[in-house]
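Okay, so here's the structure we're looking at.
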Amino acid sequence: MMHFVPLFLVCILSLPAFQATELTKCKVSHAIKDIDGYQGISLLEWACVLFHTSGYDTQAVVNDNGSTEYGLFQISDRFWCKSSEFPESENICGISCDKLLDDELDDDIACAKKILAIKGIDYWKAYKPMCSEKLEQWRCEKP
C-alpha cells in the first residue's frame, strides 16, 4: 500500500494542467481588441459588460428564462447557437454552443458582432445599468 501512494501521486502530478478559463481584465481586453469600436462600442464598455455578464469566465453557463447562455459573452441557445437543450434554435451564428466554452475567442467574437449588428449592445442586460458611464475603471493598466 505504501508504494501505491507515491505512484498515485506521480500519476496525478504528471497529468497536464488545465488552462484557466477565468481571465483578467487585461487578458480580456487584449483577447477582444478586434471588437473595439465595432458598432460604436469601446473596449472599456466590453470589459465592463463581460465582467458583469460572465465574470470573464470562458466556461460560464447560465440557465435563464428557458434558454441557456454560454461562454464569455453569454450567448443564448435560443437564437444564436445550437445546443442539445434547445435543438429548435435558429442558430444565427452557425455554431455549436459548446464552441463558445473554449478559450478560442475568435468564434465568440464573430457571434457577438452578429448579435451587436442585429440587436445592439442592449442584448447584454448589464450594459445600461452598469456600463454606460464611468468606464475608466475598466481600462487595463499594465505595469
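Placement of Cβ uses the backbone N, Cα and C atoms for every residue, glycine included.
Of the listed residues CYS81, CYS131, CYS140, CYS81 is the one Swiss-Prot pairs with CYS97, by disulfide bond. Among CYS111, CYS131, the cysteine that Swiss-Prot records as disulfide-bonded to CYS48 is CYS131. Between CYS26 and the candidates CYS111, CYS140, Swiss-Prot records a disulfide bond only with CYS140. In the three-state DSSP reading, ASP107 (Ca(2+) binding site) counts as helix.
Each residue contributes its Cα atom, and for CYS111 (disulfide bond) and LYS99 (Ca(2+) binding site) those atoms are 11 Å apart. Compared over the disulfide-bonded residues CYS81, CYS93, CYS111, CYS140, the count of CB atoms lying within 10 A of a residue's CB peaks at CYS81. A Cα-Cα distance of 23 Å separates CYS140 (disulfide bond) from ASP107 (Ca(2+) binding site). Within 8 Å of the Cβ centroid of the Ca(2+) site, not counting the listed residues LYS99, ASP102, ASP107, ASP108, the chain contributes GLY71, ILE95, LEU100, LEU101, GLU104, LEU105, ASP106, CYS111.
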